[in-house]
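Trainee: Pasting in a structure now, in structure tokens, and then I'll have a few things to ask.
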Amino acid sequence: MKSTVYNLLSALAPLHYDNLTYCHKQSLKILNRFSGQHKRFHSLMGKDPVHLEKRMVDGQYLPPWFSVAPMMDWTDNHYRTLARLISKHAWLYTEMVVAETIVHQRNNLDRFLAFSPEQHPIVLQLGGSNLENLAKAAEFANAYSFDELNLNCGCPSGKVAGHGCFGARLMFDPKFVADAMSAIAANCSVPVSVKCRIGVDDHDSYNELCDFVYAIVSNSPTRHFIVHARKALLSGLSPAENRKVPPLKYEYYFALLRDFPEVQFTINGGITGIDQVNAARRQGAHGVMVGRAAYNNPWSTLRHVDSAVYGIPTSSLSRRQILEKYQMYGDSVLGKYGPGKPSIRQLVKPLLNLFHSEPGNGLWKRKADAALRRCK
């Protein structure tokens, strides 16, 4: 890893920000503080307080006004390490981890659940449709001190919604989701949340969305929903098409703010930059979640979060300094789980978009690819 990144750094030449339009016209007062459920009074397993004070104010993390979405094969430990080097206050989500994986790999949990203390605040997203396994997974995950546990009720992938009957398909059964959230909450010491769509297939009316939220809020401790403002179509569209084809209906989201004032809602879908994040928050959004833009263009998307969203000075690290720090991380985890696990290519993958849309970006990627091909 060291020689690979060193070669990339040595070859690197110096490399020289659509507001959202909402149908909801009533601006709601922006919350000054997120729900008290996010206070972190319990010990963080003896973690170095120097790391924590960078992201904590008066003993608690700043609210999730900005978060990076859970993305399979993308928001792994390596990407989260890079993201935290750029932004100290963005909330980071793991990839979805299936409850059965945690239960069946209970002797190998570090591989799926371990993370460095610098990644706080961090949310674990669970997937599943078995109450017993979800409860056990929450119990095992609790030992890792995540800051929130989230249940995936929004993924339209056939592998998830079809075979496992979870993901977006769970929106057809709000009673089960309420039971699942109660089971998860009963087995962890942190807040719980649901990530969902505004509807599924032809069950896409606002009243049905309200019924879903009401059933969960009334029958579980859940008080935080991340709402992707598109419905999911389980047949005929790929996951990628489900992120683009169904129309965005932000008015559903803002109506939820009006109709469920005791609940916190984070908006997701179609938001790609800090200007749009702040526009949504001015309209009253409790929080904003950004997905692929934060991965495909991490520097431009994340570097203004601390200052523009949280009003706190941004990191002074240059991209070269970030690469140097990431190199030290890579050296520390290379081969941690056996020969080639993780591989150098897996470690370098999040770095490839660090110079997105910048002069020299193509050269950067070519040199990275060449170095990876030579590396043994």
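Each position is counted from 1, following the chain as shown.
Just so it is clear, glycine is given a Cβ too, placed from its N, Cα and C backbone atoms.
Sharing the record's features from TrEMBL:
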| type | residues | note |
| --- | --- | --- |
| DOMAIN | 68-370 | domain 'DUS-like FMN-binding' |
| BINDING | PRO70, MET71, MET72, GLN125, LYS195, HIS228, ASN268, GLY269, GLY270, GLY291, ARG292 | FMN binding site |
| ACT_SITE | CYS155 | active site, proton donor |
Trainee: Could you give the Cα-Cα distance between ASN268 (FMN binding site) and the residue listed as 'active site, proton donor', in whole Å?
Mentor: 13
Trainee: Hey, of LYS195, GLY270, ARG292, which of those binding-site residues are within 10 Å of CYS155 (active site, proton donor), Cα to Cα?
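Mentor: Correct set: LYS195.
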Trainee: Same chain only, sequence gap of 6 or more: which residues have a CB within under 8 Å of the CB of MET72 (FMN binding site)?
Mentor: GLU95, MET96
Trainee: GLY270 (FMN binding site) has how many other Cβ neighbours within 10 Å of its own Cβ?
Mentor: 18
